[in-house]
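Copied over from TrEMBL:
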type: DOMAIN; residues: 38-287; note: domain 'G-protein coupled receptors family 1 profile'
type: TRANSMEM; residues: 23-47; note: transmembrane segment
type: TRANSMEM; residues: 54-75; note: transmembrane segment
type: TRANSMEM; residues: 95-117; note: transmembrane segment
type: TRANSMEM; residues: 137-155; note: transmembrane segment
type: TRANSMEM; residues: 191-213; note: transmembrane segment
type: TRANSMEM; residues: 234-258; note: transmembrane segment
type: TRANSMEM; residues: 270-289; note: transmembrane segment
Amino acid sequence: MNHTSPSDFQISPFFTLSADKVLIFNIFLFIYVIGLLMNILILSVIYVNDHLHVPLYIFLCNLSCIDICSITSTIPKLLVMILSGNNTISFTQCFTQTFFFLLAASAEDILLFIMAYDRYVAICNPLHYHHLLSKRICILFIFGIWVSASLNSLLMTLPVSKMSFCGSNVIQHFFCEANTLTRMSCADKRVFYIIVYFELLLFGLCPFLCSLISYVKIIKVILKIRSRDGKKKAFSTCSSHLAVIMLYYATGASMYMIPPSKYSHAMEQIATILCTAVTPMLNPLIYTLRNKEVKRGLRKFMGMKLPLFVFFQ
């Protein structure tokens, strides 16, 4: 058996069996365009409104950048493949795609925890908020997010790119996903899986548990609020944030924890689509467009009150 590194791969997502490729193309095009425009809009609104230049919205800007990176690393190439009918992707393009996908995923893992910490300090320790989340600390947080995410992505991508591949070069996924590529390799995978489980612990489980603990403490404080309106507003904000965290980590974990079966490829891809395409499209709605300060910034940015704002009230 020939153990080599192929010059290219063939992408074979589960939905290629569908006859209605036009519908599939339009669905992914809609997800990409809406996700891209919504996140760019949020970046623009926060940039031009001085009253939004505070830690919470600085972190939201980074979330939008991460979401743009996530959808841009996977969907455009998929759209080209569906449109052209050519599912070939070069070796270099494949692992570049892998790197940026993992970069976005790792960065979002950490950022979701930092955003939970921001809400914890704002609600549970408001008198020390500006000290604990000063401009300098926010810059260090953001720098740390991107550096650690880049190193983690590199640590995950390089071992896979150095593996020998045998047999078919068909990737049973809609993009070059590291775990799927590893299954195609003839090399010893033990070192890689040790790295994967360590990465899941460090960038997945730990931030998730820390976020969960932060929200438990937040809820305890909210329950002590006497104002009914204040309590309702705080609960609404926390529940939406927590829902996105649960969705993100659940879909992300399922990408690596679904047991091998004849249905696992489709299930894994559906989980990945939710994590990498649908969630980035919904994040601007859940995190920002239901926020009164952002809606006020949108009105100022657009110079008029749009009927769209009624929908988010």
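Using N, Cα and C of the backbone, Cβ positions are placed for all residues, glycine too.
Taking the domain 'G-protein coupled receptors family 1 profile' (38-287) as a whole, pLDDT averages 84 in the prediction. Within the chain carrying the transmembrane segment (270-289), a Cβ under 8 angstroms from the stretch's Cβ atoms is held by residues 28, 31-32, 34-35, 38-39, 41-42, 60, 63-64, 66-68, 70-71, 73-75, 101, 104-105, 173-174, 177, 240-241, 243-244, 247-248, 251-252, 254-255, 258, 295, 298, 312, all 6 or more beyond its ends. The listed stretches are 23-47, 95-117, 137-155, 191-213; of these, 95-117 has the most Cβ pairs under 8 Å to the transmembrane segment (54-75). With a threshold of 8 Å between CB atoms, the same-chain residues lying at least 6 positions outside the transmembrane segment (95-117) that come near it are 56, 59-60, 62-63, 66-67, 69-70, 72-74, 77, 89, 141, 144-146, 148-150, 152-154, 156-157, 160-161, 175-178, 181, 199, 203-204, 207-208, 210-211, 214-215, 241, 244-245, 248, 252, 275-276.
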